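Feature annotations, reproduced from TrEMBL:
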type	residues	note
COMPBIAS	394-404	compositional bias 'Basic and acidic residues'
DOMAIN	467-491	domain 'UPF0033'
REGION	372-413	region 'Disordered'
TRANSMEM	39-63	transmembrane segment
TRANSMEM	69-92	transmembrane segment
TRANSMEM	104-128	transmembrane segment
TRANSMEM	148-169	transmembrane segment
TRANSMEM	197-216	transmembrane segment
TRANSMEM	247-265	transmembrane segment
TRANSMEM	285-305	transmembrane segment
TRANSMEM	317-336	transmembrane segment
Amino acid sequence: MLITGLVLGTVLGYVMQRGRFCVTGMLRDIFTLKTWRGFVALLVVIAVHAVGLAALTSLGVITPEVDDFAPFAVIIGGFLFGVGIVLAGGCASGTWYRSGEGLVGSWIALLTYGLSAAAMKAGALQGINSGLREYTVPLTTIQQSLGVSTWALALPLAVLTAFLVAKFVRAEAAQPKIAQLAAKKTGLAHLLAEKPWHVYTTGAIVGVLGVIAWPLSAATGRNDGLGITTPSSDLVRFVTTGDATRINWGALLVLGILIGSYLAAKASGEFRVRVPSGTQSVRSVAGGVLMGVGAAWAGGCTVGNGMVQTSLFSYQGWVALLFIALGVGFAAKLWLKPAEPINPQDPDGYTLSPSTADATRAASAGGLAVTSAGDADLTPEPSGVESSGVLAESGDRKSPEREPVLVGTSAGDGSVADSELGVGGFATAVGLPAVSVLERPADGGPNDVSPKLRGGLRRVGERRFVLDTLGAVCPFPLIEAKAAMQQLSSGDELVIDFDCTQATDAIPRWAATDGHEVTNFEATDDAGWTITVRKG
């Protein structure tokens, strides 16, 4: 029955949203954070998938078919796809479930991803697609080349994955406790809609759902499991041509991901329509196109290749995953950078390096304020502003009520373009999207001074600074937080305002890992948070 695709997709979308499960971040962290923790979660999916599909195949329930390896198409397509998912801010499944969180940038990427995939598979670019994919070599799976059973690969992979999971879990247990948001729900509601899900638990659930997906899909005549690219293409073809045959099990699967992620986001207070900056909008368009073209050439995305084909031990799956990772690393090197600090000798500003922090505090009795990366409006605030709120472990103080106002950013030439509408200008730093920001009202005094800072950093009191990253897509809140913290002295407090869902785990985890103290972590609105980190 086709409806099983919608049901399973809804569950999958819910799980991915609650577990912050995105392959882009897992691969990106290898290059930006130098950690394989997230990649091991992907291995969990692959290992569970591999054992499950091997069992179903041995029992004769399913009969997977693997195409001959098209090396040039897979290598080029995989690399382009990797670049695309960094620009778009999420992989194929991640783009679907982030769309359910209300991220308009993901809506844009999803549209161009589906359109370009459809053009490659059945439209104007079909000749380009088939031209590169028609060159193949007679290689399908690793076990076929070695002349061994699939079990000879699936079981060792499962053992290796279990070892790596145990290693990272032990390492986490030895680290300081990671700050969490205070619980507002109890029982099952707390577990399903509030409590953070461990990435390895989420990976295991995704793997099980992938195993279940194959026989359900095969029962409708679709001999495949989880997949995102072809179903996304089919939806576009249905909308543009009215061909009802395109509404198949896979198409309902991806629609279910959207529904499930929306339900999860609403239940957890993480849904809010968030409009990207012009810069991020352009990146979303370009990223979506590269995703569609790359996935069509490679024969799959991070799900079809990175989870399914790898679990079948096909050459296509593992080679594609390798070059997707290389594409992610290449794009991360180019675009995932913090705002560049102003040179201390710049007459328009200075950096808050440890060597100048004391002088900065002495010269800034009135407080400093800027609102976004690049040249920005200067909004003075009084020093001594204190934030209310508590950690999850305590509950003796109430969250503050905040009245945010929209503040525009400078066009970079001395004018304040868009300020009346509260729409931010483009960032001048490479890799940092400029956005409209939600700002606390300023109440400056006659002694206010406002030198320009980069990265949205502003001073609100003695040894207290605020980094406003509202509107920035992940991983920019973490990137900017790390860069800002490097400019502060030990004991300084950094208040980070953000609305990127993934950062609710990434920022507290970074603080614990790097030896900083989280003194406050709370939700400020739907899909809005603030966290205060004291530098260790």
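Including glycine, each Cβ sits where the backbone N, Cα and C put it.
Put simply, of 39-63, 104-128, 148-169, 285-305, the stretch with the most CB pairs closer than 8 A to the transmembrane segment (197-216) is 39-63.
When Cβ-Cβ distances below 8 Å are used as the criterion, the transmembrane segment (317-336) is approached by residues 24, 27-28, 30-32, 69, 71, 74-75, 77-87, 142, 283, 294, 298-300, 302, 305-306, 308-311, 430-431, 475-476, 479 of the same chain, each at least six residues removed from its ends.
Here the transmembrane segment (39-63) has long-range neighbours at 21, 23, 26-27, 29-30, 150-151, 153-155, 157-158, 160-162, 164-165, 168, 199-200, 202-204, 206-208, 210-211, 214-215, 218, 223, 225, 306-308, 310-313, meaning same-chain residues at least 6 beyond its ends whose C-beta is under 8 angstroms from one of its own. When DSSP labels each residue, the domain 'UPF0033' (467-491) comes out as 11 helix, 2 strand, 12 coil, counted as helix, strand and coil in that order. Mean pLDDT of the predicted structure over the domain 'UPF0033' (467-491): 91. Long-range contacts of the transmembrane segment (148-169) within the same chain, counting only residues at least 6 positions beyond its ends with a Cβ under 8 Å from a Cβ of the stretch, are 36-37, 40, 43-44, 46-48, 50-51, 54, 57-58, 141-142, 200, 311-313.
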